[in-house]
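Record features, source TrEMBL:
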TRANSMEM  23-44  transmembrane segment
TRANSMEM  56-78  transmembrane segment
TRANSMEM  98-123  transmembrane segment
TRANSMEM  135-156  transmembrane segment
TRANSMEM  168-185  transmembrane segment
TRANSMEM  192-210  transmembrane segment
TRANSMEM  216-233  transmembrane segment
Amino acid sequence: MSSQVVISPVDITLLQENIIETAFGVGVWGINTSLVFLTMYTLIMRDITVSKSRPVLLVVIFCMYIGDCVSEIVYLLSFIATIKNLGEPPLPPVAPGTQFICVTIFTGINFLLSDGVVCWRAWILYPQNKAARGLLVFCMVGSVRSTAQKLLPIFILDGRKGGRPSTVFWYCLLNLGSFTVYSGDSPNIVRLLKIISMLSGVAIMGPFAAEIFECVLPQLSCIYLSTVILVSLQKSFTMNAVISGQLGLIEVEPYIIDVAAQPSGSGFDTNAPQIGLEGFPVGIQLPKKLLMWKLKATIFL
């Protein structure tokens, strides 16, 4: 006799939400996959050895994509487990420790890598703007601090072997602002960094919207980085074409030497044989270094 599964309205609602979440996650992951492979193909076909940054970007975006795939697999396993256990108590698709590593750690590392590359590019775009560079440093410090807040207590000390030191380290990190008061430093910077970390949370939205955002969020950093790389490569290609055209068209105006107009005692020997230069166009080709500074000031690829 086959067993019957009773599905309550709550189970139906949860199943609908899981289907929507998975659809959003898989759709964004598909966009991410297309952009990543397009970026990798473009980097390789545009002669990856031209710039030292291109191999680094290729490795970074590949590592980020691996982390995004791992996170998406966890969400897909969760969706499959929900369907299999419909009408029964939910069971975790993977071990809690494995899920934490796949989702939290990979996502944090991806955000840090993405912020680092974007700040690096913006740093090169503004070589003389100290205010912009200071803001970039501030944003990068906030990103490092937010990632360290999640990952350092895990990597420094294992909770099973040193629970007390890990707890003390965690407490000191979260209360860094209060400790700086006693050392004479202003805690305003620390408070601003905490605000940046808090804004990355999703608790301000509803539960369902927060779950959708959590499912899509791991893919956004790699999508943003791929878009930045593709735009920079296109700008590099366009700038190279413009500079090549300028180098091929540069000409010097014709020199017209008026011997009679030279003042006496100027060292100009009027009795020497003269070479007729009037109306003779002198065309030269300047080295690329005279114009490449424009390219380096606007792009880093």
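Every residue, even glycine, has its Cβ placed from backbone N, Cα and C.
Source: prediction; values computed, not measured.
Note on the transmembrane segment (23-44): residues 54, 57-58, 61-62, 65, 68-69, 72, 75-76, 212, 215-216, 219-220, 222-223, 226-227, 229-230, 233 of its chain, located 6 or more positions outside it, place their CB under 8 angstroms from a CB of the stretch. With a cut-off of 8 Å between Cβ atoms, the residues of this chain six or more beyond the transmembrane segment (216-233) that come close are 24-25, 28-29, 31-32, 35-36, 38-39, 42-43, 46, 57, 60-61, 64-65, 67-68, 71-72, 103, 106-107, 110-111, 113-114, 117-118, 121, 202, 299-301.
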